[in-house]
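Listed in Swiss-Prot:
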BINDING   10, 11, 12, 124, 196, 251, 296  UDP-N-acetyl-alpha-D-glucosamine binding site
């Protein structure tokens, strides 16, 4: 298969695409891939590191207020469409996949206008602006949350899940030991993190809850975010940190460690939810209030309704609420087991295979 992929700006658009490519290369080793991203997006670092060819173009989003910048946005979009058409004609993809971000708008629009099979993948429960725009032009739509289905006008909408789910599910036999992080094997473990940058409100709640965490029969690994580690350690100065608590800047090799986690505290981003449901990890979700259309709350609610997670809204988060919910999970194995089963029931551990099937359907329909 010759696959062109476009998605960028944030990891939530990039990592699912890379997970899909990784799986496609496993089942079809001769697959050729061209990734098209934005000049200033995270993809400029992540995609080349993964070993794939990357082409970039300049794009930007619309301002909500009247602004001359919106004139520039239209100009850049039209310029990007022209660039994308040239790339498509040169690369000759069998299918083009968009995973969100402004750059995918130009690339998928160009592909549709050239009559190339097109598929978009929506990771969240609230459909992004770019995918809403593209829905009327593309051949197939793939979703990771059932709530997204009604937001698309097309009949050809397929639930696939998020490819990151399969990538994580394939690593369940990792030989990781908690001793590598200064903790013990065989002790129930809860992991707490607020994303790669960390989340100040989550960090503050953990600092407040630390005296209680120190006394628990379970152990805690807490990632502050690289940029916030010094601040957190400063706030903890003079406080004893129990042998059952490990504070780190960042969780390295997350896919290898997640299968060994008994519970998780995290934001409610699409990638995180895909990972925890693929593995069936009981989770306390703290949705970020700083995202478009409050989509993390909707993501979290989808799991809470299924008994697959607990949720604490950020304005209700403090040390007391955090330790109360953590103890509810960690000190009752039956509660954890039930939530783990519910979580796994809504997961998609074969998400990449499902999305590959959608790509192949788009190609086959085009050839009829």
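Heads up, the Cβ atoms here are built off N, Cα and C, so glycines get one too.
This view paints the features noted in Swiss-Prot onto the structure.
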{"residue": "10", "record": "UDP-N-acetyl-alpha-D-glucosamine binding site", "DSSP (3 states)": "coil"}
{"residue": "124", "record": "UDP-N-acetyl-alpha-D-glucosamine binding site", "DSSP (3 states)": "coil"}
{"residue": "196", "record": "UDP-N-acetyl-alpha-D-glucosamine binding site", "DSSP (3 states)": "coil"}
{"residue": "251", "record": "UDP-N-acetyl-alpha-D-glucosamine binding site", "DSSP (3 states)": "coil"}
{"residue": "296", "record": "UDP-N-acetyl-alpha-D-glucosamine binding site", "DSSP (3 states)": "helix"}
Intrachain C-beta neighbours of residue 10 (UDP-N-acetyl-alpha-D-glucosamine binding site), sequence separation six or more, cut-off 8 angstroms: 41, 42, 101
Cβ atoms near residue 12 (UDP-N-acetyl-alpha-D-glucosamine binding site) (within 10 Å, other residues, all chains): 22
Span of the UDP-N-acetyl-alpha-D-glucosamine site, taken as the largest CA to CA distance across 10, 11, 12, 124, 196, 251, 296 (Å, rounded to a whole number): 23
